[in-house]
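This report concerns only the one structure given below.
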Amino acid sequence: MAPRGYDYIIVGGGSAGCVLANRLSENTSARVLLLEAGGKDSHPLIHMPVGFAKMTTGPHTWGFNTVPQVHANNREIPYAQARVIGGGSSINAEVFTRGVPADYDRWANEEGCEGWSFEEIKKYFIRSEGNTILSGDWHGTDGPLGVSNLGNPQPMTRAFVQSCQELGIPYNPDFNGEVQEGSGVYQTTIKNAKRCSAAVGYLRPVMKRTNLTVETGCLVNRITFEGTRATGVEYVQGKTVHTVRADSEVIVTSGAIGTPKIMMLSGIGPAAHLREHGIDVVQDLPGVGENLNDHFGVDIVAELTGHYSLDKYNKPHWAVWAGAQYYLFGSGPVASNVVEGGAFWYADKSQSTPDLQFHFLAGAGAEAGVPSVTKGTSGITLNSYTLRPKSRGTVKLRSSDPSVLPLVDPNFLGHPDDIKTTVEGVKISRDIFSQHSLQKYVKAIRFPDDSVRTQAEYEDYARQYGRTSYHPSCTCKMGVDDMAVVDAQLRVHGLDGIRICDSSTMPSLIGSNTNAPTIMIAEKASDMIRGNH
C-alpha cells in the first residue's frame, strides 16, 4: 500500500513546529502533518504558571544528562528538554525576552545569514506577539502568543528589583524595547492566568482544520530519501512502524538536541561518525551536531529570616489556600511563574550590550538539582549566566537505534573567557543580595557560603554548581561556511525537499531566553516556505 501523502511533514511539535503547523495549514489546499514524540499537554501543571517548577524532570522531558563535563568537575549535568506537544514552551519558566538587535545583525553581517538582520526579522516578533500591556514600535498586540505582565509580583521580587537599583542597575520596564540593560519584572507568556505555550497559542485554535493532522507519541526513525531529495518520514507510534510521504517538504523542528540526532539517523552529518554507527551517508555535512551553544547558569541561594517567599506554600495549609486563590480568582502564588524578576547587566563594562542575564526566583530549590535551604525554612534564588559564551560542544549519536538518547556535550566552561564572566555574575548576584531592600530579609547566603572569597574559590563554586539554562542552540547552524548546515532559507545544504526550523539553526546564541527567538524563526520560515517573504 502506498504511504499516506502530505504536502508538508513537520518533525517535532515544539515551539517552532506548532507555529509552522498553524501557518502552513492556513492554505486550505496544503496537507500538513505534525509529528511529536511526546504526548498531549493535558497535565494541569503544564498550564499553571507555577507548574514550571515541577516540569524540569519527569515524563514531559527526555531525561537527558550531559556527558561528564571536563571543566565542571566531571559532572553529568541534568539537561532538561521537553517531550510534550508545545515543546519547551510547555515546560519553561514563561520568561519572554528576545535579545538585542545586535544579536541578529551579527547573524546577517558577520555570519552569512542574509535577510536575518533585526530590521528584517522584527516584523516576525511583532506578528507572533499578543501583548496585553505594551504596544508601539517594539510590540505586537494581535499575535497568537499571549504576553503579559505578572498581576502581582511577589514581595521578594519587588525587593530584588529595588536592590538592583541600589547597586546601580537601573529599573527597566521593558527588556524587549529600545534598551535591554537594567532590572525589572519579566514579561511572561501567560494569558488569563494560564501558560500560553505555542501549543495553546498556535495549535489549539486550528486543530479542527481538516487539512491539518497532529500525531503524538511518534518516535521518528529517519527521514527517507530518493537520492538527495527528502521523500518522507518513517516513525514508530505505539508498536507500529509508519511511513508517510512528503510531496513538498520535510521540515525538521526537533530542537538543538533532537534535530541533529534525527539528521544523523537519516544519513546527514559527519560521514565518519555516521559510518561508525553503520549508517549509510546521504550527505556529508560535518556541522550537524557541532557548535552546541548554551547558557551555563550558576545559582546563589539565600535563607530568609521568615516565610517571605513562595516556599511557605510547601506547607499543606498554605498550599490549600494558594490553590483556592487560583481556582476562584486566577491569582495568588499559583499564577506566578516563579522566575519573576531579572536583569541584564555587565561583567565587562566596555561591552556595547549586556553580557550577563539574571533570573530571580522567589523561592529556593524550585528546579530539579538546584541548591536549596533547610527544609521548613524559606529562601530565594538568583541565577546568572554569560549571555554569549565562547564554549562550543557537540551532539553525537550513542547508537543507530532511534530509541537510544544521544550523547550531549555542551562543553560548559570549555573556553577560559567563560569562567571569568561567569564568576563576575556570581559576585554581582551576591552583591544584589547584600543591598538594603533584600538584605533586611536575608538570614544568610547559603550557596555560596562565607568561605567562598577568592577568585579560585568562586571558580570552584561555579564549576560545582553551574548548570544548563535550557537554551541549547546552533547544532545545525545557518550560514555559508564549511560547518553551516542550512542556508539563509533554512534549506539543508546539498539536499532538496528538506529544511530545518528551530533553535539548532541559530548561527550563534542569542543573548536572552530562546523561546521567543525560536518562534520568530518559525514565523519567518513559514513565509519563506510559502513564498511570502
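Glycine residues also receive a Cβ, built from the backbone N, Cα and C atoms like all the rest.
As recorded in TrEMBL:
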- V84, N92, A93, E94, V95, V220: FAD binding site (BINDING)
- 82-105: domain 'Glucose-methanol-choline oxidoreductase N-terminal' (DOMAIN)
- 255-269: domain 'Glucose-methanol-choline oxidoreductase N-terminal' (DOMAIN)
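Feature annotations (TrEMBL) mapped to structure.
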{"residue": "V84", "record": "FAD binding site", "DSSP class": "strand"}
{"residue": "N92", "record": "FAD binding site", "DSSP class": "coil"}
{"residue": "V220", "record": "FAD binding site", "DSSP class": "strand"}
Task = Quick one: give me the count of other CB atoms within 10 A of the CB of A93 (FAD binding site).
result = 24
Key: Long-range neighbours of the domain 'Glucose-methanol-choline oxidoreductase N-terminal' (255-269), counting only residues six or more past its ends (CB under 8 A)   = 11-12, 14, 37, 62, 64, 79, 81-82, 87-88, 220-225, 277, 279-286, 288-289, 292, 395, 397, 400, 402, 406, 408, 472-476, 485, 492, 495, 500, 502-504
Query = Using the residues the record lists for FAD (V84, N92, A93, E94, V95, V220), what whole-number Å value is the largest Cα to Cα distance?
reply = 30
Task = Run through the domain 'Glucose-methanol-choline oxidoreductase N-terminal' (255-269) and tell me, per DSSP, how many residues are helix, strand and coil.
result = 11 helix, 2 strand, 2 coil
Query = Would you say which of the binding-site residues V84, V220 has the most Cβ atoms within 10 Å of its own Cβ?
reply = V84
Remark   = Counting across all protein chains, other CB atoms within 10 angstroms of the CB of V95 (FAD binding site) number 21
Query = Across the domain 'Glucose-methanol-choline oxidoreductase N-terminal' (255-269), what does the pLDDT come to on average, as a whole number?
reply = 99
Request  = Show which residues of the chain containing E94 (FAD binding site), separated from it by at least 6 in sequence, have their CB under 8 Å from its CB.
outcome  = P49, F52, T188, T189, I190, R195, N337, V339
